[in-house]
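Colleague: Here it is, the structure, as structure tokens.
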Amino acid sequence: MSKIIGIDLGTTNSCVSVMEGGEAVVIPNPEGNRTSPSVVAFKNGERQVGEVAKRQAITNPNTIQSIKRHMGTDYKVKIEEKEYTPQEVSAIILQYIKSYAEDYIGEKVEKAVITVPAYFNDAERQATKDAGKIAGLEVERIINEPTAAALAYGIDKEDQDQTILVYDLGGGTFDVSILDIGDGTFEVVSTAGDNRLGGDDFDQVIIDHMVQEFKKENAIDLSQDKMATQRLKDAAEKAKKDLSGVTQTQISLPFITAGDAGPLHLEMTMSRAKFDELSSDLVERTMQPTRKALSDASLSKSDIDKVILVGGSTRIPAVQEAIKKELGQDPSKGVNPDEVVALGAAIQGGVLQGDVKDVLLLDVTPLSLGIETMGAVTTKLIERNTTIPTSASQTFSTAADNQTAVDIHVLQGEREMASDNKTLGRFQLTDIPPAPRGMPQIEVSFDIDANGIVNVRAKDLGTNKEQSITIKSSSGLSDDEVDRMVKEAEENADADKQRREEVDLRNEADQLIFTTDKTIKDLDDKVSEEDKQKAESAKDELKQALESGDMEQVKAKKDALEEHVQQLSAKLYEQVQQEAQQASGEQGEESGNQDDDVVDADYSEVDDDDKK
């Protein structure tokens, strides 16, 4: 049975983990790093993912970053005449993660637990599941990031009853969850968050400040220059990280742009105090969901035993200070904020596989679910923070006489009016027998599975006719689209592999041409001109094949040249052997001649007494 890997598919970075010997371990990427940038780039038809893609982002406009912010929307990005959905871009990242996880584990990986922000709605969860499918992964479970973090943190503390608050500030999303841990049960009590707030926003306030200051000095708006913007983004991210450890940092961007007088440079000192001032609104925005999570759980800050930080942005000192002030305690530093979510996902994979025993995870739905009823209001069937999986049903009736069909408008959100909430889907129940309004009995049932994905059913209790829908938002992908993307992803994987093989073959051919020249030079007059000529012409044929780009020809000509070079080397070896034998023969003769000069002598023993 293949292992289930745990993937934290992040906005800025992603991480993958697997259970090994009863413990979750992080799988390093090919560069040896424990997290990989969630960046995809396209260059001359080739796809680049992770570190490589991020490194060349400044010079390559065909680079996609922070795609997670667009999951579950109809956003598309156009690269080299082709449009990509967020699901496809995420699938490219997942394919990359899957490939290096397979190299590490040593076997094919087909199943995964993928984490999402707790505040992801149904469309965003479905999009994540689709991305996994396109990448060739069966997504066994979608779990909330704060829940995964609590699982990784609390797995060795099962005997202690604790109420913990998980503060998760990632690259593009923010969540707070409160969990009760005890006797191996992890129960989410409440969750709150903001899907449009994260580390990227902290970078942006630094970028805006740099643009503003530069404009003041030079009357040039750097935000209109694409390459300058990418350099500013990298500098802002670095400054943000530096200011977590030092109180001020130098930002230096030479040749950022050119003015009438020539090239211009950006030089600036950024203090931690200035950064705190610029980002104070963002920090305060994280406090509102924190208070909401506490009030939803009917808890006060004194009821919280531990505060766990998740996400790289929680390293910002102002964030830690705000948490300490709000909750009256220092957050726990016992877990790595970049890795803890992936570790928790791997533990959940272990639970599903049966490797981790006596652990029960009770998650909640982050938003209320209901339908639109008369007067365009939302009637809730499942309240937010309800433990999942769950189901609920309610009976409704018709709004007009002789109404033969009802439209079921499925909604997710906390607002009273239907138009203010998120539409998850619509479907129709038809063939209702004509009757006065209020007479027909229509039962509407909601089911939420463990992944947080919703099924809705409407049934006419009079005729037992029913209609159901698995919610896929208007921005979601149809099964046909997912299948097409799966096929494309597989083809791309094959194409990438073929491209890699071509590069390897070209490198081997170039190396062989170099070796041939060296061998011919070393042999000099030790082999016949005819043999040398054969090798030279085989080498020229290989060069021509390389220029033509026909890989079949390159392979054939490479094999032919290898044969010639081996023959030349063999002749050289024979010659060296002959010379060695000849030399040892001459040495033998010489020593024989030396023996002829030896004088035989008789020895007689001399007695000491005779000498006297």
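Cβ atoms here come from the backbone N, Cα and C positions, even for glycine.
Not my notes, these are from Swiss-Prot:
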- 524-544: compositional bias 'Basic and acidic residues' (COMPBIAS)
- 574-586: compositional bias 'Low complexity' (COMPBIAS)
- Thr173: phosphothreonine (MOD_RES)
- 524-560: region 'Disordered' (REGION)
- 572-612: region 'Disordered' (REGION)
Colleague: What same-chain residues, at least 6 away in sequence, bring their CB to under 8 Å of the CB of Thr173 (phosphothreonine)?
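Modeller: Thr11, Lys68, Arg69, Pro117, Tyr119, Phe120, Gly193, Asp194, Asn195, Arg196, Leu197, Gly198 - these are the non-local Cβ neighbours of Thr173 (phosphothreonine), listed in sequence order.
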Colleague: Within the region 'Disordered' (524-560), how many residues are helix, strand or coil going by DSSP?
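Modeller: The composition, in the requested order, is 30 helix, 0 strand, 7 coil.
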Colleague: Work out the three-state DSSP category of Thr173 (phosphothreonine).
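Modeller: Looking at the DSSP assignment, Thr173 (phosphothreonine) belongs to neither helix nor strand, so coil.
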